[in-house]
Amino acid sequence: MAEGAENSASKEVDSGRADRARITRGAQLDAAEAVAMAGVAMESDAEADEARRESFKAERAGDRAAAKEARARERAARKRANADHAAATKSARQAYQAIKFSAPNKMGFMRVVQVLFAVHIFFTLVGLIMSSRDTVVYSSSNVLDWFMIVFEGVAFWLFVNRYKIARPFVIAMAVVAIVVPGIASAVAGDFSLLSTIFGSIYYVFLIFYFIFSKRVKAVLVNDVSFYRDKADKEEFVINRRGWPFVRNLIMYFIVFSVLGHWMEAGMCQFIRLGIVQGEYDPTNTMLWRDWLYPYPMEGAAVVIIALALYPLLQWLKKKFNNRIIPYVISFVANALVCSLIEFSMGLIVNADLQLWNYSDNFGNIMGQVCLQNALAFGVAASIIAWFVYPLLERWIARVPRDIMNIAFVVILVFGGILWSLYLIDPPQNHANDGAFDTPREQTASDRESESYLFSLTMGSSTLEEMKEDIENSQTLTPEQKETALRHLDEALSNLKDVEADIGVEQLEAAS
């Protein structure tokens with residue numbers, strides 16, 4: 001076991017990190033070669049000087065043949081001396097460059113580029129925090145900007161680790177930043193060569209700098225490791241210490257916060273179809289429109305599964321010889337823990353029961369949790385704890401660590417975009433309030449009518465078609481039809497008022 005760990009560590013280091021001692025030894029050899037070549041050049045200079053003296057003596061003695069031969073030897077010696085001096089200078093320069101760029105903190109102008117990437121990421125996220133999810137524009141320029149900060153986050157990480165791949169990556173990123181806006185402008189019909197050139201100056205500079213800079217070539221020397229740990233079913237054990245474990249928890253939280261949103265939407269569809277008991281808001285844009293809106297409660301539940309509930313199952317398996325009892329206890333613990341999470345979050349963010357209300361459900365506690373949801377949470381958490389989580393850990397262990405770290409940066413920056421846009425103090429937009437608003441204290445008939453209205457919006461293109469569908473419905477009671485038609489008439493009245501206002505504004509503008 002210890003020998004295998006030692007071999008694994010040796011392969012990881014040898015395949016993934018540049019040996020600074022090797023760089024220093026190479027510089028030492030270059031310096032020694034420079035000194036040796038300088039000595040040879042000095043000998044050639046001495047030989048040339050001696051030939052020059054012989055030529056002078058021969059000319060004084062009137063021996064023209066000897067003088068000519070001496071001058072020829074002098075020219076050959078001078079030529080060799082110049083070549084030896086050039087070789088010595090080249091070796092000395094190589095030694096200097098190797099020593100100069102071997103320190104990882106001496107990144108030169110790349111440090112400025114790295115800071116610019118960080119500043120761009122920061123201000124983009126701040127801009128998303130200050131905007132509203134109801135008013136943000138998903139234009140090609142905004143979407144490209146979000147992709148660019150993901151790329152810049154990856155480039156930042158590559159710079160920190162001095163990976164060779166950072167050089168072609170930044171060049172490709174700059175090309176994308178130049179080409180994509182140009183194509184988008186051409187498709188939209190507002191392409192301007194001058195504005196494209198001015199908007200691309202920064203990225204053109206990055207391309208030339210990373211192509212021709214000697215410092216970039218000398219500093220970015222590390223190779224990305226593709227060494228993969230063995231994750232056999234019999235031998236694999238989840239390592240619960242160190243950076244990989246923390247990294248995986250952060251990724252689980254971000255990813256499952258979004259997957260939890262989709263699970264909630266599916267649960268609401270079950271409620272709409274009458275499969276399970278409950279109520280939902282068909283006008284909730286957070287649930288039905290913003291499909292990437294993170295639900296942190298679900299992400300936190302998966303983190304707790306990894307930290308506590310999965311280890312509990314392993315402990316129960318060791319404690320009991322029976323195969324069934326550990327899973328029964330684990331299921332109960334999963335249901336209780338997840339219900340406790342929902343209850344705690346409910347007391348914090350849902351004290352007025354505006355987000356969810358289980359008061360009409362059997363076995364509810366203060367309207368925040370109920371027996372039906374506790375069982376559903378138990379099933380979902382058990383599937384994750386028993387199958388999904390250990391399978392994900394085994395798959396991730398098979399991915400090279402450096403590749404997984406890069407994937408982590410991508411997920412982290414993408415999660416930062418989602419949280420900044422949706423969750424961190426989003427400004428409230430009341431521009432569309434009142435169209436379908438109803439008091440919270442509504443009857444069951446009101447809720448069913450509202451749900452029916454929502455289902456009709458999936459297939460009806462106009463409010464008039466919705467009204468006709470309601471009148472011809474065989475599933476609604478007369479009271480429910482009356483309530484639904486009343487909501488629809490209010491919406492039609494609001495739309496007519498808006499149309500009238502727009503018409504008045506157009507007439508005023510024309511006059």
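Even glycines carry a Cβ here, placed using N, Cα and C.
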Given ranges 1-24, 217-240, 481-504, the stretch to which TrEMBL attaches the annotation region 'Disordered': 1-24
Helix, strand and coil residues within the compositional bias 'Basic and acidic residues' (49-75) as assigned by DSSP: 25 helix, 0 strand, 2 coil
Interface-richest range of 109-131, 143-160, 292-313, 371-392, 404-424 toward the transmembrane segment (325-351), CB pairs under 8 Å: 371-392
Folded-back contacts onto the transmembrane segment (169-187), same chain, C-beta under 8 angstroms, at least six residues removed: 113, 140-141, 144, 148, 151-152, 154-155, 158, 196, 199-200, 203-204, 206-207, 210-211
The transmembrane segment (143-160) in contact with the transmembrane segment (249-272), cutoff 8 A, at least 3 CB pairs, sep 6+: no
Annotated stretches the transmembrane segment (404-424) and the transmembrane segment (193-212) touching (3 or more Cβ pairs under 8 Å): no
Stretch of maximal Cβ-Cβ contact with the transmembrane segment (193-212) [cut-off: under 8 Å; candidates 109-131, 249-272, 292-313]: 109-131
